[in-house]
Amino acid sequence: NFNNIYFKFNFSSALKIVPTIIKQSKVQVAFPFDEYFQIECEAKGNPEPTFTWTKDGNPFYFTDHRIITSNNSGTFRIPNEGHISHFQGKYRCFASNKLGIAMSEEIEFIVPSVPKFPKEKIDPLEVEEGDPIVLPCNPPKGLPPLHIYWMNIELEHIEQDERVYMSQKGDLYFANVEEKDSRNDYCCFAAFPRLRTIVQKMPMKLTVNSLKHANDSSSSTEIGSKANSIKQRKPKLLLPPTESGSESSITILKGETLLLECFAEGLPTPQVDWNKIGGDLPKGRETKENYGKTLKIENVSYQDKGNYRCTASNFLGTATHDFHVIVEEPPRWTKKPQSAVYSTGSNGILLCEAEGEPQPTIKWRVNGSPVDNHPFAGDVVFPREISFTNLQPNHTAVYQCEASNVHGTILASANVDVVDVRPLIQTKDGENYATVVGYSAFLHCEFFASPEAVVSWQKVEEAKPLEGRRYHVYDNGTLQINRTTEEDAGSYSCWVENAIGKTAVTANLDIRNATQLRVSPKNPRIPKLHMLELHCESKCDLHLKHSLKLSWSKDGEAFEINGTEDGRIIIDGANLTIFNVTLEDQGIYCCSALTALDSAADITQVTVLDVPDPPENLHLSERQNRSVRLSWEAGDDHNSNISEYIVEFEGNKEDPGRWEELTRVQGKKTTVILPLAPFVRYQFRVIAVNEVGRSQPSQPSDHHETPPAAPDRNPQNIRVQASQPKEMIIKWEPLKSMEQNGPGLEYRVTWKPQGAPVEWEEETVTNHTLRVMTPAVYAPYDVKVQAINQLGSGPAPQSVTLYSGEDYPDTAPVIHGVDVINSTLVKVTWSTIPKDRVHGRLKGYQINWWKTKSLLDGRTHPKEVNVLRFSGQRNSGMVPSLDAFSEFHLTVLAYNSKGAGPESEPYIFQTPEGVPEQPTFLKVIKVDKDTATLSWGLPKKLNGNLTGYLLQYQIINDTYEIGELNDINITTPSKPSWHLSNLNATTKYKFYLRACTSRGCGKPITEESSTLGEGKYAGLYDDISTQGWFIGLMCAIALLTLVLLTVCFVKRNRGGKYSVKEKEDLHPDPEIQSVKDETFGEYSDSDEKPLKGSLRSLNRDMQPTESADSLVEYGEGDHALFNEDGSFIGAYAGSKEKGSVESNGSSTATFPLRA
């Protein structure tokens, strides 16, 4: 529309434009509650148009002082003051300048009156029961829509049903009255919602007289039935009224709702049906309302015209009425005249076509007046077109086309402007444009020109028109550059030229890099209920970064900005996260990028994996005694190929209802021949397996029962359970239910002494154990067990060798000697007992020993037996962890599976002296600038006669440098203190003290202390020792120590748990390593290694030290425990002395220089 182009220009006086109506009112209603009423008319043109009005076809002047006008506008207001009814009418606005006159459509101004029912006296109505009656409403006229209600004085609706009906006009119809219809407050209410008004008619009184044809003694039921029989009649139509005859016509406008109503009086109450003569009622648009009395057809079309029949019927007859429905339509445009700009001498045409029913008539106007009043030479006027030849400037005008029929009038205007002007370019000069590589660029050059102009574009630096397939210039002047490259950037000129002159503007084009996207991972396959994370990586031109917006969609449907409300799907910019993935999440996910200049998208196909659906339609075929073919159909694999099928069966008589796996089938197969066992009522099911997991089991197959047969196998694991001497309790694994093959399962057991030329003994049992008495102890027997049932025997059984019950060994070994290895370790040798005296399978030998006294003080010890076992046939063993310088008794016995035999005669031996344990404490009790006094406690275990102490010391100031080690041999073992002199002042020392016997010195105890500087008093301990509180404290400590020692002594005499292994691990003895090769007891060496030596060895020539030894290293790991009479006591219980088996160091012991 050229007219729209004109208004975009900042017109100069050189370009004259005819007026155009751009805004106008439609129907205007003067509602009483509005403050004012505005009738609008706005127009544009050059020169500025002036406005005039007509009312009902006559000039209308603003003479009423109440009217308020607007400057440069035809709009005026009528205030809601006083009487305004004389303003009601049809208005038309005219906007004119010297070039032409524009005319508006008619604007109807309605001043509604206040609707009221007339004041009238309504006579009461009286009818007999069963008669028809109509209560008229006759509502007042008012602004539609009108809603009518029938209510009583208490504003309760009068109930309507098949017998009672309110018509479209508001009258209330009764097909036949009943006694209950009597009331004196029938009120008709008319509501006008647009006026916010409801008015009420005066109440009406209706009296229904009951018929009295029966005696007073008759019942009311009899009276009612007789009354009904008298008044019964066939239907008679009340709507449409009788005077309209059997036919009537009704006109309805296309698109509106058609309402046809029929109501008949009669008794019984008639039923109403509807049909269309010669056709069907329109499905989906027709409804029957008000108990069938109203036919409603919505959105009426021309196909709905025709004859409709309503039929009212009861058992006495029928009544009909035909409605002839006519569908008409107000005018509507099919072609509207279009405004245009012409140059002098050109030709033109205006078209105007409209449709409607009846067919609209078309009238042409020029500047608001009939076209006949404005003849131009060469113009041809037809009802549907006007053609122009040799247009001249005086042709400039507003042409109006008006189409009308009985249902309305429509108006269309077209401006004809005859103008000669140099091209005017609307687009600003120097406009900047941008696009991305590969996209099209659009450079605008909107213009107005008359006569027509030619547009050309060129690059400023090239100064020649653009040529080539990539360039296209549109009629409106826009230049399109297709598939842009970076070389297209630069400045362009747009030239517009016609016969009057030419004009140009420039435009600048920038080329940006295209936005790129990549969604990862690509085409993921994710198991159900797992988490899916998608990332959208974007690459964008820096100039477009600020406008970049990312969005996600699935299968073309966009997600909400932040995901779903339940938080299962979360979108955080470039990241999309889905928790607990479901099968519905499968699909194509797209990440889209939108910038100010371009867009990009990338997709990924998400495949959701799940366990397969269960197989279906299981079928059994090829049924045999020992096999059957099972076939099935695969379920949905949910995007993961089925790798295998698991076939399960149920039918185990021992465990009914439990499904067991029978076989597995490759995923591509859906049939298998199943091997079966006899005497089983089988049922099968199949489970599909893919990479995600197993499906639910299929529905079970039909049952398949196999016939019984003899057993296919014999029992396994035939063995002898622990038996008494000369007895065999033979046991075996019974056949499982699926292995029995038939009813009546039993076991045939045969046996005979091995190698003896005697017959096999035989016994048949039903359980899986048999007790057999034998003449000899621990004698070999050949034994067979065969399965049998009611159908026969199993295969020939294999013979196994079993032994009869064992007895205890009846002789003791003889001890040959005890070799003392060191102070804590001895080697015992003995003679083995004869094989025939073992009375069973020899398991090994057991050494029992106990300490009798200490050689240091001669004190005797209560008997506490220690036990060490050696497996297998052997004649020697090591006994470790003995107390040094003590006397022991020792016995040896043999044992088999039954138990232990008699002990040998006790063997007496003594252990030599060993090195002492470390002193119990070492304290520096007094220091001065060059002296120190040390005090210590005796070792807990002397392990011999104490000969003295070795005191060593060295400087260990707080550096890595250490001083030379100094030795002092103290040969007075009874003196527990020593005074050192000639020490350095203000120096830190480390002291080492060892206790010694004739066998050497034991482990050291250490202490650190520093000497004092010059002038400092060092008699701290002397001062404290004279204080009363210190003496009291020392006495309390001594008393507490005495109590603790008493408790320990009592617990020691009771015996206690003895952890030899733990102590030995703490104090390894290198001497033991040299004798381990000679030991025969079962033991396990600890993986723990001795601690490494200190930074510097003492390098002293010292006596070899001895070590206590671990029971675990020399005996069996379980080291069973026995008391004096050889009975099992379950724990290793020894005396405290016996248990003290700490290592005392080694011959190359080193000491840490820093404690």
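Here the Cβ of each residue, glycine as well, is placed from N, Cα and C on the backbone.
Source: prediction; values computed, not measured.
Over in TrEMBL, the protein carries these features:
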- 19-108: domain 'Ig-like' (DOMAIN)
- 112-207: domain 'Ig-like' (DOMAIN)
- 213-232: region 'Disordered' (REGION)
- 213-230: compositional bias 'Polar residues' (COMPBIAS)
- 235-328: domain 'Ig-like' (DOMAIN)
- 331-417: domain 'Ig-like' (DOMAIN)
- 423-510: domain 'Ig-like' (DOMAIN)
- 515-607: domain 'Ig-like' (DOMAIN)
- 614-709: domain 'Fibronectin type-III' (DOMAIN)
- 693-716: region 'Disordered' (REGION)
- 714-807: domain 'Fibronectin type-III' (DOMAIN)
- 809-914: domain 'Fibronectin type-III' (DOMAIN)
- 918-1015: domain 'Fibronectin type-III' (DOMAIN)
- 1029-1050: transmembrane segment (TRANSMEM)
- 1061-1110: region 'Disordered' (REGION)
- 1061-1079: compositional bias 'Basic and acidic residues' (COMPBIAS)
- 1096-1108: compositional bias 'Polar residues' (COMPBIAS)
- 1136-1155: region 'Disordered' (REGION)
- 1141-1155: compositional bias 'Polar residues' (COMPBIAS)
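Counting only same-chain residues 6+ beyond the ends of the region 'Disordered' (693-716), those with a CB under 8 A from a CB of the stretch are 611-616, 618-620, 623, 625-626, 628, 630, 632, 635, 646, 648, 650, 659, 676-687, 732-735, 739-743, 745, 747, 768, 785-795, 797-798. Shown for the domain 'Fibronectin type-III' (918-1015): DSSP residue counts in helix, strand and coil, namely 0 helix, 50 strand, 48 coil. For the domain 'Ig-like' (235-328), the number of residues in each DSSP class (helix H, G, I; strand E, B; coil) is 6 helix, 57 strand, 31 coil.
Ranked by the number of CB pairs under 8 Å to the domain 'Ig-like' (331-417), the listed stretches 19-108, 423-510, 809-914 are led by 19-108. Looking just at the domain 'Fibronectin type-III' (614-709), the mean pLDDT is 93.
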